[in-house]
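**Q** Let me give you the structure first, and then I'll get to my questions.
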């Protein structure tokens with residue numbers, strides 16, 4: 001059997017009982033290590049699972065899938081994914097390859113940011129298309145996300161914005177020279193995300209992401225102990241939720257948003273009263289939040 005197992009959002013204990021039983025039955029266990037990260041290191045996972053883990057970077061998954069699937073028709077092999085197995089299209093491709101090889105597969109689901117985003121107080125069925133925001137460069141500033149946010153906005157729906165992470169990336173020079181030298185990991189912050197969103201708005205000028213009237217909610221380390229509640233594990237950091245207009249969020253110090261990973265919600269224009277009240281508890285400027293929320297609800 002080839003298992004694709006969701007690990008949840010926080011630490012080694014977020015795996016399901018079914019997922020843990022499957023891991024313990026496997027001869028090889030791969031840990032996907034580029035679409036997201038857990039809040040604990042690989043050693044903690046290995047100690048809890050009782051298995052050695054093989055780190056699977058993007059190159060391995062995309063170029064060496066046959067090796068990952070090797071012998072999976074006659075023994076158990078697991079591929080571990082942070083969040084839920086279907087959070088990234090790469091994992092679907094791996095399952096299609098297994099199907100072509102007539103290898104039995106089993107998916108074991110878990111919590112992901114797609115459903116845990118409800119911690120913001122916004123109702124899940126009021127979300128539209130999810131978008132990804134990548135790091136801009138001097139020469140590359142893709143703006144296709146803007147159209148998806150606009151489509152959601154026209155329907156009054158919220159947009160979950162997944163922020164870029166760079167793990168095991170090469171500089172252009174090292175890539176050109178064929179040198180296997182990798183840059184330090186980078187995780188997009190809320191302030192960088194907001195700056196990029198407003199930069200594209202200044203170019204497109206469609207009023208979809210107006211800094212002073214667009215409500216947004218920043219999320220950090222969703223799934224860990226919420227800020228203000230008792231936590232005895234410094235490795236996890238704490239879950240943080242910060243709400244405000246895009247302009248409100250833009251001027252907040254970085255520490256306000258907590259440690260990565262971060263996500264951002266662009267609130268829809270038909271904000272329900274209960275959504276506005278719940279999320280308003282996290283607002284940096286409650287008076288401003290309530291005033292704008294009343295105009296949209």
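Cβ atoms are placed via backbone N, Cα and C, with glycine included.
Quick paste from TrEMBL:
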type	residues	note
BINDING	9, 84, 87, 112, 113, 163, 222, 262	S-adenosyl-L-methionine binding site
DOMAIN	1-176	domain 'Tetrapyrrole methylase'
**Q** Averaging the per-residue pLDDT over the domain 'Tetrapyrrole methylase' (1-176), what integer do you get?
**A** 92
**Q** Neighbour count, 10 Å Cβ-Cβ cut-off, for residue 112 (S-adenosyl-L-methionine binding site): what number do you get?
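**A** The Cβ of residue 112 (S-adenosyl-L-methionine binding site) has 22 Cβ neighbours within 10 Å.
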**Q** Run through the Cβ atoms and count how many others sit within 10 Å of the one on residue 87 (S-adenosyl-L-methionine binding site).
**A** 20
**Q** Under a criterion of Cβ-Cβ distance under 8 Å and sequence separation of at least 6, what residues of the same chain contact residue 9 (S-adenosyl-L-methionine binding site)?
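**A** For residue 9 (S-adenosyl-L-methionine binding site), the qualifying residues are 38, 82, 83, 111, 112, 113, 116, 222, 223, 224.
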**Q** Which residues in the same chain, at least 6 apart in sequence, have a Cβ under 8 Å from the Cβ of residue 262 (S-adenosyl-L-methionine binding site)?
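**A** Spatial neighbours, sequence-distant, of residue 262 (S-adenosyl-L-methionine binding site): 163, 187, 188, 189, 190, 193, 218, 219, 220.
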